[in-house]
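Here's the structure, in structure tokens; my notes come after.
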Amino acid sequence: VIFHYVLFSTYFHLLTILPVQVILAFCWVYIRKFQSRQESEVVSTITAICALAVALISSALLPVDIFPVSFMKYPDGTYKVSIGSANTSFEGPNDFTRGTLYSIILFCVFLWIPFVYFYYEERDDDNVNKCSVRMQLSSPHGAVACSDLMAFVPLEAPPGQNSTQWEKVQYLFEELGSSHGLPALSFSISTLTLIGMLAVITYTAYGMSVLPLNLIKGTRSVAYERLENTEDIDDVEHQIEKLKSKCIDGRPLSSRDRHNLQELEGKLQVLQRRGRHLEVAERNCCTKVGSALRPFKIILGVFFILVALLFTVALFISNLDKALHSAGIRSGFIIFGTNLTNPLNELLLALQPVFPLDYILITVITMYFVLTSMAGIRNMGIWFFWIRLYKIRPKRTRPQALLFLCMILLLIVLHTSYMIYSLAPQYVMYGSQKYLVQSPTTGPASGNATSGTTRICDADAPEDQCTVTRSYLFLHKFWFFSTIYYFGNWAFIGAFLVGLAVSCCRGKKSVIEGEVEADDSDLSDDEYVH
């Protein structure tokens, strides 16, 4: 049996080569779609593609981790091999893969992405020295921040109290290479997952409502928008001529009229640029194809909104179950047994015996969260509290904005594992495992014989009968993180309902939504018109 498992694992890992290639192709197309042609750079492009690819690849850890614990047991609850041999056969490779991917994520978040970001933030032809200094400072500061973050978890004592920062970083990597570093790595990833929870509440919750409703509503008619834009141009030109007529006889305009004239001229430039973009959109074949595919967009939008409602209901039932039947706040709201029927959890348990239907569904759920997160960031932009930092627009997104975008998506995908656990807690913890409950039988024919019944594994099962997935143990080493995630799920439900109400109240978006802004330069039109 172990030989067949190893053979299957080798075949399974060979099959992952094609998905990795698909992920890299998707990341390249997505980054190139939003990247500004005037400010594109090789280093920022490669960094953004690699960071986004690592995030998507790390999302595959959950289904890969669930399969071995389900494979270990027969449907009647008995082990195929001894539990020690089974644990040894899959814990090592899984822990190594998980540690490697999470270490790469820490490297991207604390070192590589800040390094590239500060390079383009301070890049100036007249300020090359300052750019070099910021590049040199960003990397050690990120490493120190990472080491300080891991310092909250007790590791082996460092060699000296007066060690330098570099010695602390070197000690950190040595500890991560041993088993002592797993709690520190878990604490660091859980902290990043906590930040990802804020991004999920902000962007994913809104994207789950705005993406399907935009597909259902569609866009405004290009011909009607051009007619409306032409009328606006005529109206603004008439107001400008009216103001200029006041100074025909040589009298200067008042300060108020000069201010109004300047605003009208700026508005006229925006309307003229908007007219050029609408003209290009009307000639674009993609607009005509989109109109032909309108029925399919409506069907897809209805499907997405139904999926969003399913996730919201499943998350509400899971949180309600934790509120009513969990062990309390000090345990991270762990549930002993399944008390309320969760539709998504039952669906995954039903699909799990038929390989690979449950993995396909997990992949679909993960990609759904990624797509809705992208839609949320695309519509909202990147904000720091009430300050809007960057806009995400096709063909004109700055390199710094792309780096921010990929970091946010990376943090969101990290939180996706816990989101899936909240949606289907029993499946994520135990897969399709069952355990055998021995019950004595009485009667003259049976004597002292025993009979058994099989039950689905849950938190109330004996420790030697059910094996918890490594992903669950890794992300739930600290109870206070689970408690914060619990309250974050309620905030996510509230944010989704608010976003759904806002999206329903908004009208159809323009066919050139986000392409023309008042703070854009006229030179940026070259990316579209030419």
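Using the three backbone atoms N, Cα and C, a Cβ is placed for every residue, glycine included.
Per TrEMBL, the features are:
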COILED    226-281  coiled coil
TRANSMEM  12-31  transmembrane segment
TRANSMEM  43-64  transmembrane segment
TRANSMEM  100-120  transmembrane segment
TRANSMEM  184-206  transmembrane segment
TRANSMEM  298-316  transmembrane segment
TRANSMEM  360-389  transmembrane segment
TRANSMEM  401-421  transmembrane segment
TRANSMEM  478-502  transmembrane segment
Segment-segment contact (the transmembrane segment (100-120); the transmembrane segment (401-421)) at 3 or more Cβ pairs under 8 Å: yes
When counting Cβ pairs under 8 Å to the transmembrane segment (360-389), the leader among 43-64, 184-206, 478-502: 184-206
Cβ-Cβ under 8 Å with the transmembrane segment (478-502): same-chain residues at least 6 beyond its ends: 186-187, 190, 193-194, 197-198, 200-202, 204-206, 208-210, 213, 308, 312, 315-316, 318-319, 322, 329-334, 418, 422
Model confidence over the coiled coil (226-281) (mean pLDDT, whole number): 84
Residue numbers, six or more beyond the limits of the transmembrane segment (184-206), whose CB comes under 8 Å of its CB atoms: 99, 102-103, 105-106, 109, 146, 149-150, 152-153, 155, 172, 175-176, 369, 372-373, 376-377, 379-380, 383, 408, 410-415, 417-419, 474-475, 477-478, 481, 484-485, 488, 491-492, 495-496, 499, 502-503
